[in-house]
Amino acid sequence: MDTWINLRSKGVKSLSSSVPAIPNPFPELCTPSKSPVLISSLPPQSTDKHLVKVFGEDNHSRAVWVSRGATAREVCQMLVQTAHCSDQENWALLEIHPALGLERCLEDHEVVLEVQATWSLKGDARLMFCKNYAKYEFFRKPMLFFPENMISDSADVSKGMTSSDLIQNLLRSGTCPEIQGFLHVKEPSRKTWKKVYFFLRRSGLYSSTKGSSKEPRHLQYVADLDDLNVYTAVNGRKLYGAPADFTFCIKPSRNPIRVQDLKILCAENEQTRTCWTSAFRLFKYGKQLQCNYHLSKSAPRSLEGSNLADGKSKSEASLVAMDFSGKAGGRVIQNPTEAQSAEREEGQAWRRREALRCSLPNLNSAARPSSIHKTLPWFHGGVSRKEAQRLIEKQGLVDGMFLIRESQQHSQCFVLSLCYQLKTKHYLVIPFEEGGRKYLTMDDGVTLFIDLLQLVEFHQINKGILPVCLKHPCVCVAL
């Protein structure tokens, strides 16, 4: 039997060697450069890489491999590339704790894995990739973020300071300013809130046990700036019984988030809350924030001239712009600026024809094409007024941040939600008929628009009835 087994094994061996190798019909798919599998989704060769899961605002997530020391800015740059974003400006990572209603924007220099290391394994904390236009807005408009009645010179209580002085003194490390004012504070293990006068200095956060007194015997030490993070509370009234909607909290930065460790505070208005949260960041990081700000300004504004251009298909690259306006036939447009202008004019002419056709009274509504505004990033469908305000707050309370939504109270109407001076204002867009044609208006027919796209384009260069031009569309980022 041993002999038979050996002979059979030899036969099998010879048989397998005699069969010719089957050629691979798709050899190009086996090469790494042509592989259909995304290289970024495969584990890297280096063991120093770690997998980080990041969510978009559509609740879909993307996993990216990052190095141990990768900062929030570097992770954002990776996501901009992998998600094919059209620009590199004003992106941010949000640290979100849904159950507690807390969120904060990671600083550009923070190491992402170190932030995740402070999370509880049983918690629901996550990272979200989104726009944030207000991250460094206090460098550009300090007067809006730091009211002068909340600023004083801690070295000389009788001396006031301007908003610009606060920024300059912090960055020069000269005279140390302080932020002061009343805040509501949630008492530990109780549902009640107490109004207390607080002082924020370089040495930490203090509260006064006697009114607004600054005397040392009346000051009580609350927290160390180097060992805390500041979070914005979403829906603070419902979750914490806050007296107003402008809730925020501070917690030790090196510990997992526990309710008993939170110092929950509430301001009287959005400007006061923004002043406090911005001051916490400035006092803690100082010159590092200025460095982050300058780096963010030096980032390329668009990818169109680099990566996107390299990624164009051959068929796209072979297309040329043509001008058929003359009698001698078509000509190739050589000038890139002229080609872009022709493309823009053609698109606008097409949109005008379609909008005019849709505005005719004898056109059956069932035959009308879908509205072009539904495909644009600033249109958010039927979101509520409160949700619109939350979306704008999340992406930064900067002048000109806007979105358009369907009105929930008025049929066939829309609402333009616009941020101005840290407040969100809402403007009703109503249908208007003139000369048998249908238009849209915000000023009772004084200014008419054929569609929402024309309304937005007009107000991007003209204020009209608005307090400020439309500048930053509030977009929903999908990964």
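Backbone N, Cα and C atoms are what each Cβ position is placed from, and that goes for glycine too.
Remember, TrEMBL labels are computer predictions, not curated facts.
These come from TrEMBL:
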type	residues	note
DOMAIN	48-134	domain 'Ras-associating'
DOMAIN	176-285	domain 'PH'
DOMAIN	378-474	domain 'SH2'
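DSSP labels the residues of the domain 'Ras-associating' (48-134) in these numbers: 19 helix, 33 strand, 35 coil.
Helix, strand and coil counts under DSSP for the domain 'SH2' (378-474) come to 19 helix, 34 strand, 44 coil. DSSP assignment over the domain 'PH' (176-285) gives 30 helix, 45 strand, 35 coil.
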